[in-house]
Amino acid sequence: MPAVLGFEGSANKIGVGVVRDGKVLANPRRTYVTPPGTGFLPGDTARHHRAVILDLLREALTEAGLTSHDIDCIAYTKGPGMGAPLVSVAIVARTVAQLWNKPLLGVNHCIGHIEMGRLITGATSPTVLYVSGGNTQVIAYSERRYRIFGETIDIAVGNCLDRFARVLKISNDPSPGYNIEQMAKRGKKLVELPYTVKGMDVSFSGILSFIEDVAQRMLATGECTPEDLCFSLQETVFAMLVEITERAMAHCGSQEALIVGGVGCNLRLQEMMETMCQERGAKLFATDERFCIDNGAMIAHAGWEMFQAGHRTPIRDSGITQRYRTDEVEVTWRD
């Protein structure tokens with residue numbers, strides 16, 4: 001029964017997880033939170049990760065009730081993500097692997113989300129909507145690859161929401177997306193915003209530029225409230241995501257949809273996706289914030305799948321890459 005230790009730190013979350021044969025034994029996590037109206041810079045985020053990662057490692061082993069001798073493999077996020085945070089975590093993973101004399105595995109961050117979603121929900125072969133601060137993709141598995149059927153052509157949906165939160169000076173604690181979701185529940189007026197779907201792809205830069213431009217004027221004149229703007233932005237971008245997911249499901253003949261990534265925690269997005277799936281006679285799968293948001297266990301579990309399939313990452317190849325597409329990975333552990 002192999003036990004895999006996973007390190008995740010591609011953005012402002014840092015997590016260390018332990019997974020053994022499909023069971024999550026530990027999954028502690030920390031978040032780098034910046035003041036309202038600001039984002040997180042790579043260098044500052046990396047310093048945060050370096051300051052807490054060894055405490056998280058000790059916490060994960062204690063929670064799992066294991067020692068270094070019980071760990072069979074070390075997995076880490078190879079990419080995609082922010083360069084400095086990725087490097088800071090990869091260095092620790094490499095060092096631990098060599099000190100403990102364990103094999104090392106570089107994991108694609110997106111694959112980690114998908115495999116964790118499949119494990120937790122029990123979805124077998126779903127069409128995946130992967131939505132986060134750095135990625136927006138509609139994915140389905142075929143012939144040893146997670147194929148991308150549609151994606152953003154500019155910024156990710158989570159980045160769109162985060163940057164709008166800065167306009168309204170919404171708190172980043174626990175996350176700007178969560179706080180937008182709560183404000184949107186109190187919105188009563190739907191403000192018309194640009195809706196940009198191009199075939200199977202979506203674009204969020206135009207809607208962000210538009211709402212950044214008009215927000216302060218509309219608020220100053222009393223045309224709408226901050227809650228109305230949060231509600232309108234959510235409804236518009238989520239409708240775009242539901243549209244391209246449904247189109248991918250129709251193309252694949254899929255009867256399952258799985259939402260993964262940090263934005264996948266949003267209950268309104270889950271509600272809209274559920275409505276679409278019910279109309280198609282399909283089933284929706286989603287997880288809560290423990291596994292939707294970046295975490296170490298998802299890297300550990302994807303690493304466990306890869307380890308069982310015979311994958312290993314030599315130390316000389318154990319770097320990171322900020323651009324690492326989901327469909328670059330040969331998925332040898334399925335079928």
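Note that Cβ sites are derived from N, Cα and C of the backbone, with glycine treated the same way.
The domain 'Gcp-like' annotation in TrEMBL covers 29-300.
Feature annotation from TrEMBL assigns divalent metal cation binding site to H109, H113, Y130, D294. Spatially close to H109 (divalent metal cation binding site) yet at least six residues away along the chain are E8, S10, T77, K78, G79, P80, G81, D294, I299, Y324, judged by Cβ distances under 8 angstroms.
Annotation comment: TrEMBL describes Y130, V131, S132, G133, G134, D162, G177, E181, N266 as substrate binding site. Note: S132 (substrate binding site) has non-local neighbours H113, A156, V157, G158, G261, G262, V263, G264, D294, i.e. same-chain residues 6+ apart with C-beta under 8 A of its own C-beta.
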For this session: Pop the mean pLDDT for the domain 'Gcp-like' (29-300) in here, whole number is fine.
Result: 98
Exercise. So how many other Cβ atoms are close to N266 (substrate binding site), meaning within 10 Å of its Cβ?
Worked result: 25
For this session: Compile a sequence-ordered list of residues in the same chain as G177 (substrate binding site), six or more apart from it, whose Cβ lies below 8 A from its Cβ; state 'none' when nothing qualifies.
Result: G133, G158, L161, D162, A165, G262, V263, C265, N266
For this session: For Y130 (divalent metal cation binding site), list the number of other Cβ atoms lying within 10 Å of its Cβ atom.
Result: 25
